[in-house]
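Annotated features in Swiss-Prot:
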- 46-114: DNA-binding region (DNA_BIND)
- 1-23: region 'Disordered' (REGION)
- 229-254: region 'Disordered' (REGION)
- 263-274: motif '9aaTAD' (MOTIF)
Amino acid sequence: MYSMLETEIKTPQPTRAARGEPARAATAKVGGAAAADGCRSDQDRVKRPMNAFMVWSRGQRRKMAQENPKMHNSEISKRLGADWKLLSDAEKRPFIDEAKRLRAVHMKEYPDYKYRPRRKTKTLLKKDKYSLPGNLWPPGSAGAAAVGVGQRIDTYAHMNGWTNGAYSLMQDQLGYGQHPGMNSPQLQQMHRYDMPGLQYSPMMSTAQTYMNAGLHLQHVPRPYGQQPSTAMSLGSMGSVVKSEPSSAPPAITSHSQRACLGELRDMISMYLGPGGDATHPSALQGSRLHSVHQHYQSAGTRVNGTVPLTHI
C-alpha cells in the first residue's frame with residue numbers, strides 16, 4: 001500500500017513548458033494557415049489586362065531603371081508618361097493592337113471578371129483632422145505650426161467665403177441689394193467707410209461757405225476790436241455744423257441756398273455798416289445771433305435738440 005502511494009507521488013507531472021508546447025504549436029499552425037490563405041488570395045486575385053501604355057512602358061521602364069539606378073519609380077513613371085505623349089499615332093499603333101489582343105485573351109480566361117478598385121488611404125484627411133491649433137504646439141515646432149494653422153485658416157476662409165474682401169463678400173452672400181449709383185467710378189475711388197459723409201454734401205458746402213466767409217472777413221478791418229470774436233463765432237459755427245448727428249439732413253434746394261447767400265451778405269454789411277460807419281458792439285452781437293437763429297429755424301436743423309450758438 002505504501003509502495004503504491006510512493007509510486008503515485010513519484011510520477012512526474014507535466015511541466016509548464018510541456019503544457020505550453022501544444023498551444024504554441026496550435027498558434028503557429030493558425031498563423032501559417034492565415035499566411036497561406038493570404039498568399040492564396042493574392043495569387044487568386046486576377047490582375048487587369050495591360051493597356052497600350054503599360055505594354056510600351058514595360059521594356060522602357062526596365063531600360064530607364066538600368067540607366068538610372070538611383071531614380072525613384074514615381075519619377076520614372078512621370079518621364080515615361082511624358083515620352084508616351086510625344087509619340088505619334090503610327091508609333092503607338094502596334095502597342096494598341098497588342099493591348100487589344102491581351103484584353104481578348106483576358107476575357108476568354110476570366111469571363112466573370114469584374115474590376116474592383118482598391119480603397120485609397122485617407123492619411124491626408126487624418127492629418128488635417130487631428131492637427132493642433134497654433135497655441136498648443138510645442139516650442140520646437142513653432143514654424144510648422146504657423147504654416148499648418150495658416151493653411152487651415154485659408155481653407156476655412158475659402159469655405160466660408162471670408163477672404164481678404166470679407167465685407168464685400170458678406171454683402172453678396174446675405175443678398176443685400178445695392179443702389180445702382182453706388183457703382184459709379186467716383187464712388188469706387190472712395191473708401192467704403194466714408195460713404196455716410198456723402199449724404200451731407202449740401203450742408204458741408206454751406207459750412208464751407210461760412211468758413212470761407214470767415215477767412216474773408218479776417219482780412220477786412222473791423223471797428224471796436226470785433227475781429228477775434230467774429231472769427232471765433234464763425235469757427236464755432238463750422239464745428240457745430242461738422243458735428244451733426246448721422247440722421248439724414250433735410251434736402252436743401254436752390255431757394256434755401258440763395259437765402260443763405262443773402263443772409264451772408266447781410267451779415268457782411270452788418271459788420272461794415274452803411275458807409276463804413278460802426279455800430280454798437282452789443283447791437284452787432286444781438287443782430288448776428290438773431291440772423292443765425294433765423295437761418296437754422298428756416299433750414300429745420302437742430303443740433304442735439306438745442307438751439308445752436310446760444311452760448312455766445
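Glycine is treated like the rest: Cβ placed from N, Cα and C.
Summarised as a single figure, the pLDDT of the motif '9aaTAD' (263-274) averages 72. Residue counts for the DNA-binding region (46-114) by DSSP state, with H, G and I taken as helix and E and B as strand, are 51 helix, 0 strand, 18 coil.
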